[in-house]
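> Structure incoming, see below.
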Amino acid sequence: MLDRDGVINQDSDAYVKSLAEWQPIPGALEAIARLYHAGWTVTVATNQSGLARGLFSSATLEAMHDQLQTLLQQQGAHIELICYCPHGPEDQCDCRKPKPGLFQQIATYFDVPNLRDVPVVGDSVRDLQAGIALGATPYLVKTGKGEQTLHQGGLPEGTLVFDDLSAVADYLLRVSP
Ligand SMILES: O=P(O)(O)OC[C@@H](O)[C@H]1O[C@@H](OP(=O)(O)O)[C@@H](O)[C@@H](O)[C@@H]1O
Ligand SMILES: [Mg+2]
Ligand SMILES: [Zn+2]
(Lines of atoms letter the chains of each structure in order from A; the text may use other names.)
(Lines give C-alpha, C1' and ligand atoms only; values in the text may rest on other atoms or scores of the structure.)
(Ligands and ions follow the chains in the order given, each with its own letter.)
Protein backbone atom coordinates (compact mmCIF):
# COMPACT_ATOMS: atom_id res chain seq x y z
CA MET A 1 0.00 0.00 0.00
CA LEU A 2 1.77 3.09 -1.29
CA ASP A 3 1.58 6.76 -0.51
CA ARG A 4 1.68 8.71 -3.81
CA ASP A 5 3.43 12.05 -3.56
CA GLY A 6 7.04 11.58 -2.54
CA VAL A 7 6.92 7.80 -3.04
CA ILE A 8 5.68 7.16 -6.60
CA ASN A 9 6.07 10.68 -7.99
CA GLN A 10 8.06 13.75 -7.02
CA ASP A 11 6.37 15.82 -4.32
CA SER A 12 6.23 19.62 -4.03
CA ASP A 13 5.58 21.93 -1.10
CA ALA A 14 3.42 23.80 -3.60
CA TYR A 15 1.39 20.62 -4.21
CA VAL A 16 1.38 18.54 -7.40
CA LYS A 17 -1.22 20.61 -9.24
CA SER A 18 -1.09 19.47 -12.87
CA LEU A 19 -0.31 16.51 -15.08
CA ALA A 20 2.91 18.27 -16.11
CA GLU A 21 3.93 18.51 -12.45
CA TRP A 22 3.26 14.80 -11.93
CA GLN A 23 6.72 13.32 -12.49
CA PRO A 24 7.52 9.73 -11.52
CA ILE A 25 10.44 9.23 -9.15
CA PRO A 26 13.22 7.35 -10.99
CA GLY A 27 12.79 3.63 -10.46
CA ALA A 28 9.40 3.89 -8.78
CA LEU A 29 7.26 2.66 -11.67
CA GLU A 30 9.72 -0.13 -12.36
CA ALA A 31 9.54 -1.07 -8.67
CA ILE A 32 5.75 -1.32 -8.85
CA ALA A 33 6.04 -3.43 -12.01
CA ARG A 34 8.60 -5.76 -10.39
CA LEU A 35 6.29 -6.28 -7.40
CA TYR A 36 3.28 -6.80 -9.67
CA HIS A 37 5.06 -9.41 -11.77
CA ALA A 38 6.14 -11.20 -8.59
CA GLY A 39 2.47 -11.54 -7.63
CA TRP A 40 2.03 -8.56 -5.33
CA THR A 41 -1.23 -6.57 -5.44
CA VAL A 42 -0.39 -2.86 -5.33
CA THR A 43 -2.67 -0.15 -3.98
CA VAL A 44 -2.34 3.59 -3.33
CA ALA A 45 -3.63 5.66 -0.39
CA THR A 46 -3.07 9.40 -0.87
CA ASN A 47 -4.12 12.68 0.73
CA GLN A 48 -5.17 15.15 -1.94
CA SER A 49 -6.15 18.26 0.02
CA GLY A 50 -5.28 20.29 -3.09
CA LEU A 51 -8.77 19.38 -4.27
CA ALA A 52 -10.40 21.01 -1.22
CA ARG A 53 -7.99 23.93 -1.53
CA GLY A 54 -9.10 24.50 -5.13
CA LEU A 55 -5.56 24.02 -6.46
CA PHE A 56 -6.62 21.46 -9.07
CA SER A 57 -9.77 19.70 -10.25
CA SER A 58 -10.83 16.09 -9.83
CA ALA A 59 -10.43 15.76 -13.61
CA THR A 60 -6.78 16.75 -13.27
CA LEU A 61 -6.31 14.26 -10.44
CA GLU A 62 -7.87 11.51 -12.55
CA ALA A 63 -5.58 12.45 -15.45
CA MET A 64 -2.57 11.94 -13.16
CA HIS A 65 -3.84 8.53 -12.13
CA ASP A 66 -4.63 7.59 -15.73
CA GLN A 67 -1.05 8.53 -16.63
CA LEU A 68 0.26 6.39 -13.78
CA GLN A 69 -1.76 3.40 -14.94
CA THR A 70 -0.83 3.95 -18.60
CA LEU A 71 2.88 4.01 -17.78
CA LEU A 72 2.52 0.88 -15.67
CA GLN A 73 0.54 -0.84 -18.44
CA GLN A 74 3.54 -0.26 -20.73
CA GLN A 75 5.43 -2.47 -18.25
CA GLY A 76 2.59 -4.97 -18.10
CA ALA A 77 1.62 -3.86 -14.61
CA HIS A 78 -1.33 -2.22 -12.88
CA ILE A 79 -2.36 -0.64 -9.59
CA GLU A 80 -5.44 -2.45 -8.31
CA LEU A 81 -6.94 0.39 -6.28
CA ILE A 82 -6.19 4.10 -5.79
CA CYS A 83 -7.90 5.60 -2.73
CA TYR A 84 -7.64 9.32 -2.04
CA CYS A 85 -8.83 11.82 0.55
CA PRO A 86 -10.21 14.90 -1.25
CA HIS A 87 -10.72 16.84 1.95
CA GLY A 88 -8.88 19.64 3.67
CA PRO A 89 -7.56 19.69 7.27
CA GLU A 90 -10.67 21.57 8.50
CA ASP A 91 -13.14 19.09 7.00
CA GLN A 92 -12.88 16.66 9.92
CA CYS A 93 -13.21 13.71 7.56
CA ASP A 94 -12.38 10.11 8.43
CA CYS A 95 -10.07 9.51 5.49
CA ARG A 96 -7.34 12.17 5.73
CA LYS A 97 -4.16 10.47 6.86
CA PRO A 98 -3.16 9.90 9.68
CA LYS A 99 -6.79 8.83 10.05
CA PRO A 100 -7.21 5.25 8.83
CA GLY A 101 -10.18 5.77 6.50
CA LEU A 102 -8.29 5.17 3.23
CA PHE A 103 -6.91 1.91 4.61
CA GLN A 104 -10.35 0.87 5.77
CA GLN A 105 -11.47 1.42 2.17
CA ILE A 106 -8.66 -0.89 1.02
CA ALA A 107 -9.59 -3.57 3.59
CA THR A 108 -13.25 -3.34 2.54
CA TYR A 109 -12.34 -3.62 -1.15
CA PHE A 110 -10.44 -6.86 -0.49
CA ASP A 111 -13.07 -8.01 2.05
CA VAL A 112 -10.51 -8.56 4.82
CA PRO A 113 -10.94 -7.61 8.51
CA ASN A 114 -7.55 -5.89 8.76
CA LEU A 115 -4.29 -5.25 6.90
CA ARG A 116 -2.04 -7.15 9.27
CA ASP A 117 1.54 -7.35 8.04
CA VAL A 118 0.70 -5.69 4.71
CA PRO A 119 3.48 -3.20 3.87
CA VAL A 120 2.54 0.49 3.98
CA VAL A 121 5.14 2.70 2.27
CA GLY A 122 5.23 6.44 2.87
CA ASP A 123 7.41 9.54 3.11
CA SER A 124 5.53 11.02 6.09
CA VAL A 125 4.73 9.71 9.57
CA ARG A 126 1.02 10.24 8.91
CA ASP A 127 1.15 7.76 6.04
CA LEU A 128 2.55 5.07 8.32
CA GLN A 129 0.28 5.85 11.29
CA ALA A 130 -2.81 5.49 9.09
CA GLY A 131 -1.75 2.06 7.81
CA ILE A 132 -0.57 0.81 11.19
CA ALA A 133 -4.07 1.45 12.56
CA LEU A 134 -5.14 -1.60 10.56
CA GLY A 135 -2.06 -3.68 11.34
CA ALA A 136 0.14 -2.75 8.36
CA THR A 137 3.94 -2.92 8.53
CA PRO A 138 5.55 0.54 8.14
CA TYR A 139 8.21 1.38 5.55
CA LEU A 140 9.65 4.89 5.23
CA VAL A 141 11.36 6.03 2.04
CA LYS A 142 13.82 8.93 1.96
CA THR A 143 12.38 10.40 -1.24
CA GLY A 144 9.86 13.26 -1.11
CA LYS A 145 9.60 14.41 2.49
CA GLY A 146 11.25 11.23 3.76
CA GLU A 147 14.62 12.69 4.72
CA GLN A 148 12.85 15.48 6.63
CA THR A 149 10.55 12.91 8.24
CA LEU A 150 13.53 10.82 9.33
CA HIS A 151 15.26 13.78 10.94
CA GLN A 152 12.11 14.88 12.72
CA GLY A 153 11.97 11.51 14.52
CA GLY A 154 8.78 10.05 15.90
CA LEU A 155 8.75 7.13 13.47
CA PRO A 156 6.41 4.32 14.52
CA GLU A 157 8.21 1.44 16.25
CA GLY A 158 9.52 -1.12 13.79
CA THR A 159 9.56 1.22 10.79
CA LEU A 160 11.99 0.00 8.14
CA VAL A 161 13.81 2.80 6.31
CA PHE A 162 14.90 2.64 2.66
CA ASP A 163 16.29 5.11 0.15
CA ASP A 164 13.35 4.80 -2.23
CA LEU A 165 10.53 2.56 -3.45
CA SER A 166 12.94 0.62 -5.62
CA ALA A 167 14.95 -0.37 -2.54
CA VAL A 168 11.74 -1.37 -0.74
CA ALA A 169 10.84 -3.58 -3.70
CA ASP A 170 14.32 -5.14 -3.68
CA TYR A 171 13.86 -5.96 -0.01
CA LEU A 172 10.32 -7.34 -0.34
CA LEU A 173 11.28 -9.47 -3.32
CA ARG A 174 14.25 -10.80 -1.40
CA VAL A 175 12.39 -11.69 1.82
CA SER A 176 9.15 -12.87 0.24
CA PRO A 177 9.87 -13.69 -3.44
O1 LIG B 1 1.88 12.17 0.13
P2 LIG B 1 0.44 12.05 -0.33
O3 LIG B 1 -0.52 11.66 0.78
O4 LIG B 1 0.30 11.13 -1.56
O5 LIG B 1 0.00 13.54 -0.87
C6 LIG B 1 0.48 14.70 -0.21
C7 LIG B 1 -0.06 15.87 -0.99
O8 LIG B 1 -1.44 15.83 -1.00
C9 LIG B 1 0.32 17.20 -0.37
O10 LIG B 1 0.03 17.14 1.01
C11 LIG B 1 0.19 18.43 1.61
O12 LIG B 1 -0.11 18.30 2.99
P13 LIG B 1 -1.50 18.94 3.56
O14 LIG B 1 -2.63 18.16 2.89
O15 LIG B 1 -1.53 20.40 3.16
O16 LIG B 1 -1.43 18.70 5.05
C17 LIG B 1 1.65 18.94 1.47
O18 LIG B 1 2.50 18.05 2.20
C19 LIG B 1 2.07 18.91 0.01
O20 LIG B 1 3.44 19.20 -0.10
C21 LIG B 1 1.78 17.56 -0.62
O22 LIG B 1 2.03 17.62 -2.02
MG1 LIG C 1 3.73 11.64 0.52
ZN1 LIG D 1 -10.96 12.73 3.68
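For all residues, glycine too, the Cβ spot is worked out from N, Cα and C.
Positions annotated as Mg(2+) binding site by TrEMBL: ASP3, ASP5, ASP123. Taken from TrEMBL, the feature active site, nucleophile applies to ASP3. The annotation active site, proton donor is assigned in TrEMBL to ASP5. If you look up TrEMBL, you'll see THR46, LYS97 marked as site 'Stabilizes the phosphoryl group'. Look at TrEMBL and you will find CYS85, HIS87, CYS93, CYS95 tagged as Zn(2+) binding site. For ARG96, the entry in TrEMBL reads site 'Contributes to substrate recognition'.
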> To the nearest whole angstrom, state the Cα distance for the pair CYS93 (Zn(2+) binding site) and THR46 (site 'Stabilizes the phosphoryl group').
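Given the Cα positions, CYS93 (Zn(2+) binding site) is 14 Å from THR46 (site 'Stabilizes the phosphoryl group').
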> At a 10 Å cut-off from the C-beta of ARG96 (site 'Contributes to substrate recognition'), count the other C-beta atoms across all protein chains.
22
> What number of additional C-beta atoms lies within 10 angstroms of the C-beta atom of LYS97 (site 'Stabilizes the phosphoryl group')?
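Here the count is 24.
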> Rounded to a whole number, how many Å is the Cα of CYS85 (Zn(2+) binding site) away from the Cα of ASP123 (Mg(2+) binding site)?
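Cα to Cα, CYS85 (Zn(2+) binding site) and ASP123 (Mg(2+) binding site) are separated by 17 Å.
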> Show, in sequence order, which residues other than CYS85, HIS87, CYS93, CYS95 on the same chain lie with their Cβ within 8 Å of the centre of the Cβ atoms of the Zn(2+) site.
ASN47, PRO86, ASP91, ASP94, ARG96, LYS99, GLY101, LEU102
> Determine the minimum-neighbour residue: among CYS85, CYS93, CYS95, listed as binding-site residues, which Cβ has the fewest other Cβ atoms within 10 angstroms?
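Counting other Cβ atoms within 10 Å of each of the binding-site residues CYS85, CYS93, CYS95, the minimum falls on CYS93.
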> By a 10 A CB contact count over all chains shown, which of the binding-site residues listed here is most packed: ASP3, ASP5, ASP123?
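Counting Cβ neighbours within 10 Å, the top one is ASP3.
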> Would you mind sorting out which of THR46, HIS87, CYS95, ARG96 (the recorded positions) have a C-alpha within 10 A of the one on ASP3 (Mg(2+) binding site)?
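Those near ASP3 (Mg(2+) binding site) - Cα within 10 Å - are THR46, in sequence order.
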> Output: those recorded positions from ASP5, LYS97, ASP123 whose CB lies less than 6 Å from an atom of ligand 3, in sequence order; none if no residue fits.
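The ones that qualify number zero, so the answer is none.
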> Going by DSSP, is ASP5 (Mg(2+) binding site) part of a helix, a strand, or coil?
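In the DSSP reduction, ASP5 (Mg(2+) binding site) maps to strand.
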> Tell me which of the recorded positions ASP5, THR46, ASP123 ends up closest to CYS95 (Zn(2+) binding site) in space, Cα to Cα.
THR46
> What's the CA-CA gap between THR46 (site 'Stabilizes the phosphoryl group') and ARG96 (site 'Contributes to substrate recognition') in angstrom, rounded?
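Rounded to a whole number, the Cα-Cα distance is 8 Å.
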> Listed recorded positions are ASP3, ASP5, THR46, CYS93, CYS95, ARG96; which sit with C-beta under 6 angstroms of ligand 1?
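Those recorded positions that pass the cut-off, since their Cβ is under 6 Å from ligand 1, are ASP3, ASP5, THR46.
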